[in-house]
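> For reference, TrEMBL lists these features for the protein:
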- CYS114: active site (ACT_SITE)
- HIS251: active site (ACT_SITE)
- ASN281: active site (ACT_SITE)
- 108-191: domain 'Beta-ketoacyl-[acyl-carrier-protein] synthase III N-terminal' (DOMAIN)
- 235-324: domain 'Beta-ketoacyl-[acyl-carrier-protein] synthase III C-terminal' (DOMAIN)
- 252-256: region 'ACP-binding' (REGION)
Amino acid sequence: MTKRSVVIGVGHYLPERVVPNAEFEKTLDTSDEWIRSRSGIERRHFAAPDETTSDLATYAAQAALADAGLEAGDIDAIILATSTADLTFPSVATMVQSRLGMTRGFAFDVQAVCAGFIYALSNANALILSGQANRVLVIGAETFSRILDMNDRATCVLFGDGAGALVLEAQEGKGTPEDRGILAADLNSDGSYREMLYVDGGVSTTGTAGKLRMQGNPLFRQAVEKLASTADAALARAGLGHEDIDWIVPHQANIRIIQGTAKKLGLSMDKVVVTVQDHGNTSAASIPLALSVGKARGQIKPGDLLVTEAIGGGLAWGAVVLRW
Ligand code: UT7
């Protein structure tokens with residue numbers, strides 16, 4: 001018998017305010033047509049002024065716990081991926097822990113920008129496999145609207161706010177690729193790409209939160225290549241091939257990146273969960289949001305083989321192969 005980290009609950013939360021592309025036409029030299037054709041984005045959600053990352057994360061966590069039929073006291077650990085924490089410290093994860101009324105266990109944040117949820121999932125799996133936790137709440141939550149330069153048309157039209165969460169539970173499997181749960185992960189980073197995507201402020205530099213800066217076109221080319229290769233590496237580690245995939249659940253940055261990666265993997269777009277048109281790029285929240293929406297749409301079903309993959313600032317990138 002082999003221990004596996006199995007998804008037993010999923011949920012998400014999106015702030016109420018929906019911002020259609022047309023809203024940017026009022027203040028910037030841009031158009032709905034440009035944004036749709038270059039990125040696939042039609043709208044995104046922006047948090048209310050008094051709504052924070054921990055608020056979004058708490059609502060998503062509550063939805064995932066309800067889906068699992070569990071209460072906060074049943075959870076051993078919370079891992080939360082974000083680059084837009086409420087405060088420099090404490091972690092958003094401990095704020096969520098307190099809001100959920102969870103008085104035992106441990107909680108911490110992971111910061112790997114858009115790849116954050118993949119890193120968090122992989123770490124949650126490691127905690128479960130090592131016996132340090134039996135049930136882990138894994139959350140991706142962001143308020144990227146707070147770090148956007150609303151005068152930079154090349155970036156501010158691309159990102160949105162939101163949160164998604166999964167509950168993972170230790171279960172026994174047979175040790176074969178037919179098992180439910182996380183089957184393999186592949187993590188990578190290369191800090192020499194720092195200038196491609198970064199925030200120009202921080203605690204030990206400017207003392208401010210800063211604004212997002214991105215070299216979109218070179219990053220685009222890195223993304224397709226690295227996402228396909230990390231998906232392949234994780235699949236190989238799981239002993240599976242492209243033909244075994246039921247769904248790719250990619251980071252939702254740009255429909256053209258999603259299409260390019262699917263093509264490199266030899267898969268048609270009807271095997272890809274796509275939410276970028278409605279959410280924009282929600283960084284670490286995009287994969288759990290897509291998992292939750294994909295399940296609600298009836299796309300993702302128990303037993304399906306999923307490949308999730310993401311790339312973001314660092315650069316940091318990776319993939320997780322799991323059976324739902
Ligand atoms: O989540 C982390 C990962 N993030 C990504 O992977 C993002 C990767 N990059 C991208 O998604 C794409 O590169 C973008 C959507 C950012 C841009 O698409 P592109 O096809 O690479 O366009 P480009 O950057 O080459 O820009 C084309 C033109 C430029 O004008 P010139 O130089 O050709 O005259 C830009 O100034 O489009 C212009 N442009 C815009 N025009 C209207 C840039 N932003 C806008 C805009 N509206 N919002």
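Note: Cβ is positioned from N, Cα and C throughout, glycine not excepted.
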> Fill in the CA-CA distance, ASN281 (active site) to CYS114 (active site), as an integer in Å.
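For ASN281 (active site) versus CYS114 (active site), the Cα atoms are 9 Å apart.
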> Cβ under 8 Å to the region 'ACP-binding' (252-256), counting only same-chain residues 6 or more beyond its ends: which ones?
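Apart from its flanks, the region 'ACP-binding' (252-256) reaches 38-41, 114, 158, 220, 223, 274-277, 279-282, 286-287, 289-290, 311.
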> Using CB atoms and a 10 A radius, I'd like the single residue among the active-site residues HIS251, ASN281 with the highest neighbour count.
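That would be HIS251, with the most Cβ atoms nearby.
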> Give the residue counts of the region 'ACP-binding' (252-256) per reduced DSSP state, in the order helix, strand, coil.
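With helix first, then strand, then coil, the region 'ACP-binding' (252-256) has 2 helix, 0 strand, 3 coil.
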> According to DSSP, collapsed to three classes, what secondary structure does CYS114 (active site) have?
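Looking at the DSSP assignment, CYS114 (active site) belongs to a helix.
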> Averaged over the region 'ACP-binding' (252-256), what pLDDT does the predicted model reach?
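The answer is 98, the mean pLDDT of the model over that range.
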> Can you give me the Cα-Cα distance between CYS114 (active site) and HIS251 (active site) in Å, rounded to a whole number?
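Here the two Cα atoms are 7 Å apart.
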> Mind giving me a neighbour count for CYS114 (active site)? Other Cβ atoms within 10 Å of its Cβ, every protein chain shown.
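CYS114 (active site): 32 neighbouring Cβ atoms within 10 Å.
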